[in-house]
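Enquirer: Pasting a structure here, questions to come.
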Amino acid sequence: MVCEGKRLASCPCFFLLTAKFYWILTMMQRTHSQEYAHSIRVDGDIILGGLFPVHAKGERGVPCGELKKEKGIHRLEAMLYAIDQINKDPDLLSNITLGVRILDTCSRDTYALEQSLTFVQALIEKDASDVKCANGDPPIFTKPDKISGVIGAAASSVSIMVANILRLFKIPQISYASTAPELSDNTRYDFFSRVVPPDSYQAQAMVDIVTALGWNYVSTLASEGNYGESGVEAFTQISREIGGVCIAQSQKIPREPRPGEFEKIIKRLLETPNARAVIMFANEDDIRRILEAAKKLNQSGHFLWIGSDSWGSKIAPVYQQEEIAEGAVTILPKRASIDGFDRYFRSRTLANNRRNVWFAEFWEENFGCKLGSHGKRNSHIKKCTGLERIARDSSYEQEGKVQFVIDAVYSMAYALHNMHKERCPGYIGLCPRMVTIDGKELLGYIRAVNFNGSAGTPVTFNENGDAPGRYDIFQYQINNKSTEYKIIGHWTNQLHLKVEDMQWANREHTHPASVCSLPCKPGERKKTVKGVPCCWHCERCEGYNYQVDELSCELCPLDQRPNINRTGCQRIPIIKLEWHSPWAVVPVFIAILGIIATTFVIVTFVRYNDTPIVRASGRELSYVLLTGIFLCYSITFLMIAAPDTIICSFRRIFLGLGMCFSYAALLTKTNRIHRIFEQGKKSVTAPKFISPASQLVITFSLISVQLLGVFVWFVVDPPHTIIDYGEQRTLDPENARGVLKCDISDLSLICSLGYSILLMVTCTVYAIKTRGVPETFNEAKPIGFTMYTTCIIWLAFIPIFFGTAQSAEKMYIQTTTLTVSMSLSASVSLGMLYMPKVYIIIFHPEQNVQKRKRSFKAVVTAATMQSKLIQKGNDRPNGEVKSELCESLETNTSSTKTTYISYSNHSI
């Protein structure tokens, strides 16, 4: 009958439903058979909707095309199977029967939108007061099924279209195959959930694979459309966020490619030859044609394909392209074959499966026969007997999404079960509170479900309604002319990849590279190319720098140097002057000889202490001088010994003390001679402080100044050891060494020796002043020669010591120079002042006798005559004065102090 509608009551999407108003009314006026001609209806207490691509897209003007046996029939039968299992389960929705209303989307989003309006009919309030039929009777409306939730759809484009309608009526939707990332937008698709992971997870898995294989320079290839472009976009975004992967170029395959288009794409990919890895989000046909083009251009083994789930483990894309596809890594959502469904589906016949309105069509397609009035009218097709059996008389393999269809139905069932437990506690069947199910409330229960699915894996949803990502990773391998997709790993929020099981072209197990630049060697940093972070030049970390990370070098701490590969720092070896070193052997040898000689002289002097020569040399000051000489030799051992606090303390004390002893004694001697002869020129009165006791007091007073300075040094800067890393910090870190030494700077050393050098210089001045003393009284001349030689030694010491401050051998040179200089100074004093005396004492004892006893008056007379004859002496060689000067002196027997004079070795 014909009816004219004037008004439709208000609803949440009035502006949208107005356009469909007449279509809905037409649908509602159909007879029962007409209404369900393209749907499956199973009655129940709670009705679930289902959307499946039973047919493919039709040609222009025709909404539906050929039957899709696997993606259509297998999947909708999986929903019916799940409904049967739930209704038989006494522990799940007990005494509540689930019914279904399954529609065909015909793989077209617009057609699916029209079909899905059936699900919202019961939620649209109708005002029929102004609606009249042609005969004036009120219209009769068929009561539509009230849909509580929808299972589907398959294609993302269909799910997007349907989700926009269902959300307006608050009908929860669970998809079993839609993977578009945009469906994760909970603000736009808040009532949409899915038991399959979104392509963003797949993209994440592919990024992880690329990273695990060390590929940082890749190209992307997408089929034009939502699936390909969204997948590549997700891959690009994730790779940009985590860093480390650069996109060399992104190519798109047009929906309607021109001839030669695929060859052009391959040539463009070859423009960046280092980007061998190609990320593919493309449909099956595009994958096949890309492989054909690569084969045509003879690029076997060059490209490293990373395929999405549209490639998966399919044979069709690689058929007759095996060599070009070898090594391809593909990804596929983890799934399992459900044995219970296999038994169920194989048992389906025309007799026991009348609820499936498309099963007769499937039967004809599957067995290649015709069914009477429903059969195909082609005469050459055999007639169906009805005795055919699935898997026996036809090939059968469970479709890959069957598991997810079952899990989607069970997710809805568990949500309803939990809702019933809370809203109808203890109530058998539906309670009044669940007669009308609040879709928003049901959505909350759906998002909260957590159960083991049909394959034994957990089924859960996140806050966006997405299922966790679980993927199997395959590699296409060729072994002994046989091919296979071998599982090489899996991905469940993180990658587990068996790299050792991977095989590449030419049966190699070492995975090839897809990088813009080769990795830098250890100890080299990356200097990235501007704008291309995956391309770089390698620069070596020089000097004492080590590689901190890929991009930077840093200076090692002062006490460390780079290790052999410059990836870290290691302690610099600590060295000290060893006893066996040539730098130590020479000064030690000299010191030992000097100590032996000094000891021999001391023993000789002690043994012959009362002989004229020993007495005439000034015994008291001689022993002080010999002590200083002994200390000068001994300091060598302290300077070479391993430094510690005690050794450093002794070094400070004895470093200048030996020289101070020596030169204080010599200075006192030369000063005494000078004062005596100067006084003798003026008067016959003896100068003050020329007695032995006075001489000792003067000497030790001079020495005490040195000791006082050392004491102040101890207080201001207590002795301790240091490790000097700057002394031997060579240009080559391998030769760098830390020097263990006492904390005595060059300045401190000069200050310590400075006082002794001052005494030495003063003594030299007095030696020069007394150089003209008559030979009878002249011990001043040997002292003078001693001081001249000593000055030369120390003048040579200064440039050698300070000129090696920047040398890597500084410690050795300075220590050896200092110890040898002190030993040579001591040797000069010992050799010139005491060896002649010892020689006479040992080998010429007849000369070690008292010749004359002279008074100070004799000295005065000698001094006076010496001053008178000095000018005459200037006319003689070397200013010598005749020895008869001494013979004219008369003996004075007064009580004044006398001096013993040896004509061979005079001393005062």
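Using the three backbone atoms N, Cα and C, a Cβ is placed for every residue, glycine included.
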Enquirer: Check Swiss-Prot and name the cysteine among CYS520, CYS534, CYS535, CYS538 that pairs with CYS246 in a disulfide.
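Expert: That record, Swiss-Prot, gives the partner as CYS534.
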Enquirer: Swiss-Prot tags one of ASN565, ASN892 as N-linked glycosylation site; which one?
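Expert: Candidates were ASN565, ASN892; Swiss-Prot attaches N-linked glycosylation site to ASN565.
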Enquirer: Where Swiss-Prot splits the chain into topological domains, do ARG615 and THR770 land on the same side of the membrane?
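Expert: THR770 and ARG615, as annotated in Swiss-Prot, occupy the same side of the membrane (identical topological domain).
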Enquirer: Using a cut-off of under 8 Å between C-beta atoms, tell me which stretch among 696-716, 747-768, 819-843 contacts the transmembrane segment (584-608) the most.
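Expert: Looking at each of 696-716, 747-768, 819-843 in turn, the most contacts to the transmembrane segment (584-608) are made by 819-843.
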Enquirer: I need the CA-to-CA distance for ASP309 (L-glutamate binding site) versus CYS424 (disulfide bond), whole Å please.
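Expert: Between the Cα atoms of ASP309 (L-glutamate binding site) and CYS424 (disulfide bond), the distance comes to 43 Å.
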Enquirer: For a three-state summary based on DSSP, what are the helix, strand and coil counts in the topological domain 'Cytoplasmic' (609-620)?
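Expert: The composition, in the requested order, is 7 helix, 0 strand, 5 coil.
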Enquirer: Who are the chain neighbours of the transmembrane segment (747-768) in space, where the CB to CB distance is under 8 Å and they lie at least 6 residues beyond its ends?
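Expert: That would be 652, 655-656, 659-660, 663-664, 666-667, 670-671, 673-674, 702, 705-706, 709-710, 713, 717, 780, 783-784, 786-788, 790-791, 794, 818.
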Enquirer: For a quick check of understanding: given the listed L-glutamate-binding residues SER156, ALA177, SER178, THR179, TYR227, ASP309, LYS401, what is the maximum Cα-Cα distance in angstrom, as an integer?
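Expert: Result: 17 Å between the two most distant Cα atoms.
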Enquirer: In the same chain, which residue numbers or ranges, 6 or more beyond the ends of the transmembrane segment (696-716), come under 8 angstroms Cβ to Cβ?
Expert: 620-621, 624, 649, 652-653, 656-657, 660-661, 664-665, 667-668, 671, 689, 748, 751-752, 755-756, 759
Enquirer: Provide, as an integer number of angstrom, the distance between the C-alpha atoms of ALA177 (L-glutamate binding site) and CYS535 (disulfide bond).
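Expert: So the alpha carbons of ALA177 (L-glutamate binding site) and CYS535 (disulfide bond) sit roughly 39 Å from each other.
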Enquirer: What does DSSP give as the helix, strand and coil breakdown of the topological domain 'Extracellular' (717-746)?
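Expert: Helix (H, G, I), strand (E, B), coil: 4 helix, 14 strand, 12 coil.
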Enquirer: With an 8 Å cut-off on Cβ distance to the SER156, ALA177, SER178, THR179, TYR227, ASP309, LYS401 Cβ center, who else from the chain surrounds the L-glutamate site?
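Expert: Along the chain, the qualifying residues are ALA154, ALA155, SER175, ALA180, VAL196, ASP199.
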Enquirer: Test of understanding: applying the rule of at least three C-beta pairs under 8 Å (pairs 6 or more apart in sequence), is the transmembrane segment (782-803) touching the transmembrane segment (621-641)?
Expert: no
Enquirer: Which of CYS516, CYS520, CYS534, CYS569 (the disulfide-bonded residues) has the most other Cβ atoms within 10 Å?
Expert: CYS534
